[in-house]
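Working notes for the structure below.
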Amino acid sequence: MQDSHGNTQILNQANSMVKRTWRLLFRIATLILLVSIFVLSLIIVLQSTPGNLQNDINIIRKELNELMENFETTSKSLLSVSNQITYDVSVLTPIRQEAIETNIISKIKDHCKDRVIKEGSTCTLNRSPLHDVSFLNGFNKFYFTYKDNMQIKFKSLLDYPNFIPTATTPHGCIRIPSFSLGQTHWCYTHNINLLGCADPASSNQYVSLGTLQVLKMGDPYFKVEHSHYLNDGRNRKSCSVVAVPDGCLRNCVTMTKNETENFKDLNWQHNYLHTYHIMVPLKTRIINPPGSSRDWVHIAPGVGSGLLYAKLLIFPLYGGLTEKSVIHNNQSGKYFFPNSTKLQCRNSTMEKIKGAKDSYTITYFSGRLIQSAFLVCDLRQFLSEDCEILIPSNDYMMVGAEGRLYNIENNIFYYQRGSSWWPYPSLYRIRLNLSKKYPRITEIKFTKIEIAPRPGNKDCPGNKACPKECITGVYQDILPLSYPNTAFPHLKQAYYTGFYLNNSLERRNPTFYTADNLDYHQQERLGKFNLTAGYSTTTCFKQTTTARLYCLYIIEVGDSVIGDFQITLFLAA
């Protein structure tokens, strides 16, 4: 039975295969016949109407051209709509959102003023500091668009009330200013040495919180709403400040030894985050991010202000790495060096590379690899231990130094002090990936600026730019007034302002300037010739009701009758 059933299956399969073969042959024959009929018909038509063929071709071509034109028009229209949607989402929506927020703040402030005037009572909403409404939406912007042959100049320095207290004894020393201008208020801090600037053992810290208000003649003044004098025995140094909602945060390092001893000693010196909030008592906490005491011999804030970015609190850092640590091994041997257009170095490429590599390891700091970094904390949990240190690659950044972070129109920029062989201000654009709990650096772009050189020493003066190991310079941050050009080759593609010390070897001749990447537009020396000066920081803002731009320059000045160093303010418009 099994054999009979198997034979039947084979026979059925054979019959099925034959049927499929005949169907295929029939289909092929039919297709050939149809093609033949079409070809014969086409020949007959062409032979019978030879005179109309060219007309038919022209008509077809015309219709095809019209079809292509319609398609091109439709495509352009769709592309225009797509671009408009992109522009609305990425540009207009944030602007409108900011305008709505500004309007709400303005209405709240006006409401509070009316209540105080009409009822004679205090307005609880007034507990939160708010700038005068004429300045709202005038902060952290690019105020110009670069145009060839256009120069930026300020007309005059303004007389206005000073908001920074000065030294009160002949040997008092006030140094290291840090200033942060937020959307609702500003924060300021500086260090005070009672026994002169050379005293490393003890110091106090001043912090103030205030708002921008308007004088009767229309110019701004910096009104101090709250201030605090920290005199608790802790020797705070290198404090960076940032304005946060309803308060200020400062990142400081507490020192028990001088700077060179800190880089030599393996005993970790803690960083402290100080909360100065108008609603709550002063709080302090130790910052101890994962691996910090293992990877770093010493780490300090960058002095310049930090920033708020997408609910993250970010401070500049720099310090010395522990030899053979994970970060040290990752960064060792990496280097970055730009070539100066103005101060050309005649060294060979190999000599430049060797000098650049050597520049990261500083003999003065016990041979430590000196690294820049960023402290990142969740603003919503800044009273916890929840912080992390981000390490920028030295493939794209020069040797670690003091610095400042800017958030300008949602772009992060980082100023790095010229502490090594490069004499000019270093400015980088930083891009972050925010997809995880803490961000990761995805891009670092250097902007080559060749104005405002820092004073140096005989090994690395302010008028030379060959890569080599040295330690020198001074903190002189630079403020971009238009979007900095990070493309190569670098051209005159942005405007800047600040103070610099116009001396290649000594901290003398503080000079105010406006400039582009390569040339000054305006320079004005402060005070007498060879005046001693030091750190400087610059912040600009616009009075939106008058469209007038103001820039605040905060600078350390020596040679004072009272105090070794004072902090002096200038306001230009």
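Each residue, glycine too, has its Cβ placed from N, Cα and C.
What Swiss-Prot annotates here:
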type	residues	note
DISULFID	CYS173-CYS197	disulfide bond
DISULFID	CYS187-CYS248	disulfide bond
DISULFID	CYS239-CYS252	disulfide bond
DISULFID	CYS345-CYS466	disulfide bond
DISULFID	CYS377-CYS387	disulfide bond
DISULFID	CYS460-CYS470	disulfide bond
DISULFID	CYS540-CYS551	disulfide bond
CARBOHYD	ASN258	N-linked glycosylation site
CARBOHYD	ASN330	N-linked glycosylation site
CARBOHYD	ASN339	N-linked glycosylation site
CARBOHYD	ASN347	N-linked glycosylation site
CARBOHYD	ASN433	N-linked glycosylation site
CARBOHYD	ASN502	N-linked glycosylation site
CARBOHYD	ASN530	N-linked glycosylation site
REGION	235-240	region 'Involved in neuraminidase activity'
TOPO_DOM	1-27	topological domain 'Intravirion'
TOPO_DOM	49-573	topological domain 'Virion surface'
TRANSMEM	28-48	transmembrane segment
Minimal Cβ count within 10 Å, across the disulfide-bonded residues CYS197, CYS252, points to CYS197
Using a 10 Å radius around its CB, how many other CB atoms surround ASN258 (N-linked glycosylation site)? 11
Using a 10 Å cut-off between Cα atoms, which of these recorded positions sit near CYS466 (disulfide bond): CYS239, CYS252, ASN330, ASN339? ASN339
Cα distance (Å, whole number) from ASN530 (N-linked glycosylation site) to ASN502 (N-linked glycosylation site): 9
By the DSSP assignment reduced to helix, strand and coil, which category contains CYS252 (disulfide bond)? strand
Over the span of the region 'Involved in neuraminidase activity' (235-240), count residues by DSSP class, listing helix, strand and coil in order. 0 helix, 5 strand, 1 coil
Spatially, which candidate from the recorded positions CYS187, CYS252, ASN347, CYS387 is nearest to CYS460 (disulfide bond), comparing Cα atoms? ASN347
So which one is it: of the disulfide-bonded residues CYS387, CYS466, which has the fewest other Cβ atoms within 10 Å? CYS466
Mean pLDDT for the topological domain 'Intravirion' (1-27), as a whole number? 54
The rounded CA-CA distance in Å from CYS187 (disulfide bond) to CYS377 (disulfide bond) is 19
Length of the line joining the Cα atoms of CYS248 (disulfide bond) and CYS239 (disulfide bond), in Å: 12
Which is it, of ASN347, ASN433, ASN502, ASN530: the one of these glycosylation sites whose Cβ has the most other Cβ atoms within 10 Å? ASN502
Rounded to a whole number of Å, the separation of the Cα atoms of ASN433 (N-linked glycosylation site) and CYS551 (disulfide bond) comes to 32
What does DSSP call CYS173 (disulfide bond) in the simple three-state scheme? strand
So, three-state DSSP: helix, strand or coil for ASN347 (N-linked glycosylation site)? coil
